[in-house]
Amino acid sequence: MRYSHAVRGVLAAGLITTGLAAGLVTAPASALATAPQGAAPQATVPQGEGSAYGLTASGPVSVPPVPAVSSTTETVRKSLLREESTDLVKASALDVSASAARARSTVAKAAVPAADLMADAVTAKCRGGHGSAHLARAVIAGKRLDASPPPNTTIPVDVEGVGRTSLTLNKQERMADGRLAVTAMELRLPLPGKPATIRIASATCGKSGPAEQPADAPAPTPVEHDLPVTG
Amino acid sequence: MATNNPPRLSRRAVTAGLVPAVAAALLLGGCGGSSPGTAAAKEGGAAADQNGPGEGGRARAAKVPEATTYTTVKGAPEDASPGGATDGLVVNPAESVPVLDRPDGRRIATLPATQLGGPTWVPVVETSGDWRRVLLPSRPNRATGWISGTGVRTARTPYTIRVDLAERKLTLLRSARQVGRWKVAIGGAETPTPTGRTFLMATLTRDEKAPSPIVLPLGTHSATLDTFGGGPGTVALHGWPDASVFGRAVTHGCVRVPDAALKALARVPLGSLVFIDG
């Protein structure tokens, strides 16, 4: 597959207009704001936890997961009217919800212009440790994508000026804590210098095992640097 | 608490009152300051460069400061429990990450992957889903912010440092057990050491003959001195050649510690919490 549009121009435009402004429709921050004090409480007893986000990008342009919810109890929802803080990836109407047993993320009008990727709606669902993805009118470079792709369907894509990239549909992976993460679309762009990864519609659910212990913090290496401090 | 926000001295009063002291400190090489002004200018330039090609030209990022010891982060939520212990989780961003005022909230700063020539390690004081609330090295004191937990290295430090201003003693704890306790010199009446929860930000060495071979800047600043010796008024732990100062309130905010303490503290992982109690 070859594409003739000006990928470099689009990417360059995307790189200078990043940010996180977007219209927040509802913000039921209760589940987020009432989290207990103290860092990373350790899960000693396996408990159900669902979490979901609309989209995220990492690499030269970073977009933290928005909107994002997680819950170990009742259903928490969040919606975002638009996400267009970067030209790299855009979407309108991002809806996410999560409860202890399930999670769901739907992103409407998703587009990655650099890869000529568009979809009317992208949905990831996770329930009871099982996941699925649904794509409504999803097209990459004029080619229609399977509406219900099997888990971990990978499609190679050649993007002019960027090179060979890969698009993974219905990506299902086991997280470090034992839960299942379903990401409806994951696109890797080998941008010069720094590869970018864009994920659209992701839902995670299942019972988490004992939290993985972080490694011991390293002893510091002294560095030569002048900082005048208050004597 | 009273010592946390002492009446801010006017700039003139500070200058007039401290000229001899500042001059003396600079003659000695200060407590970390041999070339006043140059370090700040250098870092300021680096911060202004963030819109350059190296950072990918983030238009929005340019509108918020980098969270470093040189900057002030406006809109940063204040540390809600300045006396609270954590389980020792510390994070190091693999690359510059956005700092938000709450999970999914407004961007208030960018936390760089490195600062002061070394890796940025900040302590996590609260967790919400995939979001981590961390202490920031910037002004105002007790500034915190939320970063995404993805794309950061995490580690756990068993160490905490406690500075008791009333007793004028510093205690080093490993897994809540005392491994060392020393008499130290703390800030004087007009330039008190700020209280609250902060962290070990860097381990710096210097070539020249300085009062201290190692300087350990913390993520907090003098509340009374906007600048000191050309630096941003960063408070640090460091050594001092004259042992008679230990146990006295004579410094400009720094905590001067004996050699044995400095040796032990230099091995404590970056990001470890430092509690300064009034």
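Quick reminder: no glycine exception, Cβ is built from N, Cα and C everywhere.
What TrEMBL records for this protein:
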type	residues	note
SIGNAL	B:1-39	signal peptide
REGION	B:33-61	region 'Disordered'
COMPBIAS	B:36-48	compositional bias 'Low complexity'
DOMAIN	B:159-277	domain 'L,D-TPase catalytic'
ACT_SITE	B:His238	active site, proton donor/acceptor
ACT_SITE	B:Cys254	active site, nucleophile
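Neighbour density at the Cβ, taken as the number of other Cβ atoms within 10 Å, is lowest among the active-site residues B:His238, B:Cys254 for B:His238. Following the DSSP three-state reduction, the secondary structure of B:His238 (active site, proton donor/acceptor) is strand.
Rounded to the nearest whole angstrom, the C-alpha distance between B:Cys254 (active site, nucleophile) and the residue listed as 'active site, proton donor/acceptor' is 8.
Confidence over the domain 'L,D-TPase catalytic' (B:159-277), given as mean pLDDT on the 0 to 100 scale, stands at 93. Each residue of the domain 'L,D-TPase catalytic' (B:159-277) gets a DSSP state, and the totals for helix, strand and coil are 10 helix, 56 strand, 53 coil.
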